[in-house]
Amino acid sequence: MRYVIITGTSQGLGEAIATQLLEESTTVISISRRENKELTKLAEQYNSNCIFHSLDLQDVHNLETNFKEIISSIKEDNVSSIHLINNAGTVAPMKPIEKAESEQFITNVHINLLAPMILTSTFMKHTKEWKVDKRVINISSGAGKNPYFGWGAYCTTKAGVNMFTQCVATEEVEKEYPVKIVAFAPGVVDTNMQAQIRETAKEDFTNLDRFIALKEEGKLLSPEYVAKAIRNLLETEEFPQGEVIRIDE
């Protein structure tokens, strides 16, 4: 049985990924602040299994313990492959550094960087000896490579995700049962995060007009299109180990 653990499944890209996997009779471990009832209905429709866990990714001091309880329920005997998709993220604060509050920085770092690091580490510890296909996909962003006015925290944490991914891949080189890991930048996706970006004051985000134009011109990628690309990463034999890739690369 294939297991896929996904964070941030209540809406947007995480929901689209979970939907496509459930249609393939995958067991999805859904982690978000609130349960997505539509995923539960879909699992019943396709005779799949969607197991929801409410987990506060900001609570980094208890995250390993809480995630360990979740992943410990999965036994190697029942697994043909196991994958982790660190999808949950936040772009806030969307304003120049001098305007942002310290608590906003802390929240951004906890959700975007520390949570993926802790979840990946716990995942690797639990599956260390498992002789199955193990993969981690960290959802990154082009902002991890390019600076944006008003996105100091987001750019910084996504750059951290990229480097973390590369470091883990380096550490897995000599392993007998290595974890495959990649950072994936999905492009500009038509989700609630993009709606939030378009509502930002222009003095706080100087690229605002570009993002509004992408929406008006129909150039945003659909969550379903991006989810398909991520699903392909879970299945391909030519896995881009340790790379930071953009969609369609």
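Glycine residues also receive a Cβ, built from the backbone N, Cα and C atoms like all the rest.
From a predicted model like this one, the values you see are computed outputs, not experimental measurements.
Residues or ranges marked as active site, proton acceptor by Swiss-Prot on the basis of sequence analysis: Tyr154. Counting every protein chain shown, 21 other Cβ atoms lie within 10 Å of the Cβ of Tyr154 (active site, proton acceptor).
Mapped onto three states, the DSSP output places Ile6 (NADP(+) binding site) in strand. Taken from Swiss-Prot, the feature NADP(+) binding site covers Ile6, Asn87, Tyr154, Lys158, Val189, Thr191, and the record attributes it to similarity to another entry.
Of all the binding-site residues given, namely Asn87, Thr191, the one with the smallest number of surrounding CB atoms inside 10 A is Thr191.
Listed in sequence order, the residues of the same chain lying 6 or more apart from Val189 (NADP(+) binding site) and placing their CB within less than 8 Å of its CB are Gly12, Leu13, Leu220, Leu221, Ser222, Pro223, Val226. A simple way to gauge crowding: the CB of Ile6 (NADP(+) binding site) has 27 other CB atoms within 10 angstroms, across all the protein chains here. Of all the binding-site residues listed here (Ile6, Asn87, Thr191), Asn87 has the Cα closest to the Cα of Tyr154 (active site, proton acceptor).
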